[in-house]
Amino acid sequence: MTDTPVLSVRDLVVDFPLRRGNFRALDGVSFDIAAGEVLGVVGESGAGKSMTGAAVIGLLEPPGRITAGEVHLSGTRIDTLPPAQMQALRGKRIGMVMQDPLTSLNPLFTIGDQLVETIRQHMDLSEDQALERAISLLEEAGIPDARGRIHAYPHQFSGGMRQRVVIALAIAADPELVIADEPTSALDVSVQAQVIKVLKDLCQRRGTAVMLITHDMGVIAQIADRIMVMNAGRVVETGPVAQVIRHPREDYTIKLISSIPTIARTGEPPPPPAQDSAPAFVQVQGLVKDFDAGGGWLARVLGRAVPPFRAVNDVSFRIARGETYGLVGESGSGKSTCARMIAGLIEPTAGRVVVNGMDVWQVSAAERARRRAVQMIFQDPYASLNPRWRVGNIIAEPIRVLGLAKGSEIEDRVADLLRKVRLDPIVMRKFPHEFSGGQRQRIAIARALSSQPEFIVCDEPTSALDVSVQAQVLDLMSELQGEFGLTYLLISHNLAVIRQMANDVGVLHRGVLVESGPVDAIFDHPQADYTRMLLDAVPDLADIE
Amino acid sequence: MTDPTTSPTSAPRGFWQRLFDSDIWFSWSRSPVTIVASLVALALILAAVLAPWIAPHTPFDPATVELMDGFTPPGQQALSGTTYLLGSDDQGRDMLSTIMYGSRVSLFVGFAATLFAMTLGIALGLTAGYRGGFADTIIMRIADVQLSFPAILIALLIFGVAQGLIPASQQEQTAVWVLILAIGLSNWAQFARTVRGTTMVERQKDYVSAARLLGRNPLAIVTRHVLPNVLGPVLVIATISLALAIIEEATLSYLGVGVPPTQPSLGTLIRIGQRFLFSGEWWILAFPAVTLILLALSVNLLGDWLRDALNPRLRK
Amino acid sequence: MLIFIVRRLLQSVIVMLVVALIAFLIFRYVGDPIVSMAGVDTRLEDQELMRERLGLNDPFYIQFWNFLTNALHGDFGISYRLQQPAMRLILDRLPATIELAVVSATLALVLGVLMGIFTALRARSFLSGVIMTLSLVGVSLPTFLIGIGLIYIFAVELQWLPSNGRGTTVQLGWWRTGFLTESGLRSLILPAITLSLFQMTLIMRLVRAEMLEVLRSDYIRFARARGLPDRVINFRHALKNTLVPVITITGLQLGSVIAFAIVTETVFQWPGVGSLFINSVQAVDVPVMATYLMMVGLVFVTINLVVDILYYLVDPRLRVQGKGR
């Protein structure tokens, strides 16, 4: 080992010459990565972390280009190399892992084809030798029965398995550096931990330097040696992981780290639930939802029908007035289907939902009252507001449709709601695309509040937001709950968010509620195996010594 | 995530709206081809609309047509002493006036057929996309089958059937309307397919869920929420479809199954002009042909530009 | 695989039945068949006798059933205009149309795909700009004007090529071909170019759009990051993925060449089924219209079926059952 770092970036500047002037995406970025070291690069969206990775490997999207600074790979300058030489270097000396395993493999070629083609591009091996190497790489990446599955197509693998294939492809030619851009963001928590481990093991064994780009501080804590915090195209702070997380120096880092929710109990525990004595405000009983798995009538005639898929299986729980029930689960666990059945959007196959004595799925005279009382906040603030409507009309729609107010009173109410969610009432003349993600989610909350509901179903309300914005939105939700005595059903895949917000929690796994009870009891003493596995898998800042 | 163009979201108020308004303007003002196309299209449309007031002659009034002026080449003085800018045809009609009146018919049929196709296509597309299930299967199956047959064949069939159903004495008055019906019915599927696609995307979005949560009925959701969001792509298709309809009308009239000879469109004029192609009276064919090409090309160029100009917003 | 093919076959049959129903409705209800066949002067009793004999008084479904069984035997009735079996008329003229369509389709497919690939890969080059602009002009030019223009230049002014007809033809069994004589081939050039231009521009624009879309995808970006050379990325990875959607639409476009031939055949007085059809429409010759409709329907359904099966073979996501999830 020499003292020369594998990757050395000095004063890197990337510019995007746009129509209305130049946009500086990276502004004087400098850092080093030594052999065998993992550098975690964190930042919120737009911080320039992916841009840094793309600039290093020479894959900036036009019109972006490096306008100043130097990139050295093991002592040789590479940012000035002609395209042909840069291309020879990609894959061979710098490998890359991209975010979405479902789209980064070519669906029309077998994984063996793609591996062999990459190996033979960079190494002087025969077809058979390359195939052998491909199989051993897949085995190393933890693909069971690699020899048998080498001629399978990408769609025959699950997301986690595909990301292992992608990692095998990235290290196929033993590169000195691997750039991993959000390698686990598209995966579930339980799979995420395994994939991170594979990446770390493979690189450690080879002494490969890793540049790990992620927005998830927990992942960094789990795998990285050093951490680099970026914001608005600049490096804010660099240092060993424990030091930066425990003792951040810069204001931005301090704020960022304090806004990350942790799975450990912070602050005072929620008051003891009055569950058994008080009548339940929301009662969910034996909720079931089957989806027709298809095949169509012809398959049925030919006797190849697929039995219906049971997305939600006999889910029951209750929420007391003014409390928050957290429902956690991974993708495909049926939590969103649950949310929609409870709010009244998808009709259940079986079961009952009763809110304040009103059955959600029973047509009755109280229909209007029930619609007023139950509202919903959705995950994607970009899709939950009609882009062609002015904000004022969006918030006023429930008031108008349910006939809660008339004339100028409507506008007064809208102004009032906007103030409640900390927005200037003047914005009611604007359209949704003029707002940031966090602001839009506030508008969505204002709309949910406009019918003066008592119960709000929140389906992943913050998972599309950056952590600092997430913290603000969660704070707002808590304040409003106190002010209006709201009852929340909070759906999330993020255990830390649930712990901080909920009184009670239910854990959903493949449509079945495996555990339900007071949040501290379940987080501190999980009973179900699945809950225990989930809690173990979550990377958390509190784990840092 | 780190797309540079999305980062200035926190810009001052009104900025995005102004940017959008100016974006269309900007891309228009920076594309000389588009500016020329707009001007050409505008000039042709004005000339057609204002024909009764600005045309130098009234070509279909026998009283004003000098038969002995037939075959006068462009710009030359005819026997009657009149000079015809674009020459005259076999019956001594002024080509310029004939073309202006002909464009009038072509444009009327084009616009009416497109409007008809658009209305039908939007209604069926919204129904198929929002309702899904059986209605969707039926509507889209019909659209698929129809789309796989060229519009011209469908129009010919509809025209042929109508000819058989309408008594011969009324065929002349109804011809234009039959033509509009035939062209309109042969072009609705394109609208329906696009509207259905966009509707299926939009109805999955949670602003529709939010409206459903309030118990709004499907008709209100479709018209108030979904419709405004599908109009962008519809506008692009409408422009391209207008060019197609104009060409289709010309083709049908050229084939002799379009508008009656008493009310000639550009296609009819070309059909007539072709007879004189071999005998040297080129202007009788060339000027209607050039007008038709300019019309179709300028509208197509506008459609092409509009698609690109609206695209970044649609992509989002 | 079995379910897939059976389902597609069933769909084809249903589409054919619908086409047959439309053809039948046209045949039966457009104009009065008796008046068209026998003339207006025939005595009413004779008309009634004919009506009975032809089964025109039978219930609707029996008439439709008879129409179907006759159609399966190739019997579509007698042309009102030419007093010959409609099927014979169509078959006589089919070779001319098929030869024209095959040559134009090949021309459109080869040139269209090549230009599409070129303009996608060299999106910023000057030549691509020129091709794209020309293609827009091509879309705006009505087919009949292209034909007239070509006739004017190559037949009237330069006098290089004939302006109409098929030239000398040779009879091979029931098939009359123009491929075997020089005049036959020379006569084919102008109509073939005319017919192929519109399809060519469409195919080119389609291939270009699909390829640009594929080139923007993640797996192409990842292939770049793996260090594969541009040649492999463009012609192995991108091209194969482009072809999947292109196969479907191109197949259908090629089918429509037959129907588009109507206009070209009229301009060049080409003795094919298209010009027969247009003459029949003008004369409201219903049996020929119905036969033509059935024939075109059959061509489309067949092409559709072949395209679907091709699609199935190319895309492993349809072919291979998933195991992972």
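Cβ coordinates come from backbone N, Cα and C, glycine included.
Look at TrEMBL and you will find C:12-30 (among others) tagged as transmembrane segment.
The annotation domain 'ABC transmembrane type-1' is assigned in TrEMBL to C:94-311.
Below 8 angstroms of C-beta separation, residues 127-128, 131-132, 188, 191-193, 195-197, 199-208, 211-212, 215, 234, 239, 242, 246, 250, 253-254, 257-258, 261, 264-265, 270, 272 of the same chain, each at least six residues beyond the ends of the transmembrane segment (C:100-121), sit close to that stretch. As annotated by TrEMBL, transmembrane segment applies to C:100-121 (among others).
Within the chain carrying the transmembrane segment (C:133-155), a Cβ under 8 angstroms from the stretch's Cβ atoms is held by residues 161-163, 190-191, 193-195, 197-198, 200-202, 204-205, 260, 263-264, 266-268, all 6 or more beyond its ends. If you look up TrEMBL, you'll see C:133-155 (among others) marked as transmembrane segment.
The feature transmembrane segment is assigned by TrEMBL to C:188-207 (among others). Nonlocal intrachain contacts for the transmembrane segment (C:188-207), taken as residues 6+ away from its ends with a CB within less than 8 angstroms of a stretch CB, comprise 99-101, 103-105, 107-109, 111-113, 115-117, 119-120, 131, 135, 138-139, 141, 143, 146-147, 150-151, 154-155, 161-163, 166-167, 178-179, 242, 246, 249-250, 253-254, 256-257, 260-261, 264-265, 267-268, 270.
Taken from TrEMBL, the feature transmembrane segment covers C:243-270 (among others).
Annotated transmembrane segment per TrEMBL: C:290-314 (among others), in sequence order. Residues 1, 4-5, 8-9, 12, 15-16, 19-20, 22-24, 26-27, 71, 76-77, 86-87, 89-90, 94, 240, 243-244, 247-248, 251-252, 254-255, 258-259, 273, 276-277, 280 of the same chain lie 6+ residues outside the transmembrane segment (C:290-314) yet bring a C-beta within less than 8 angstroms of a C-beta in it.
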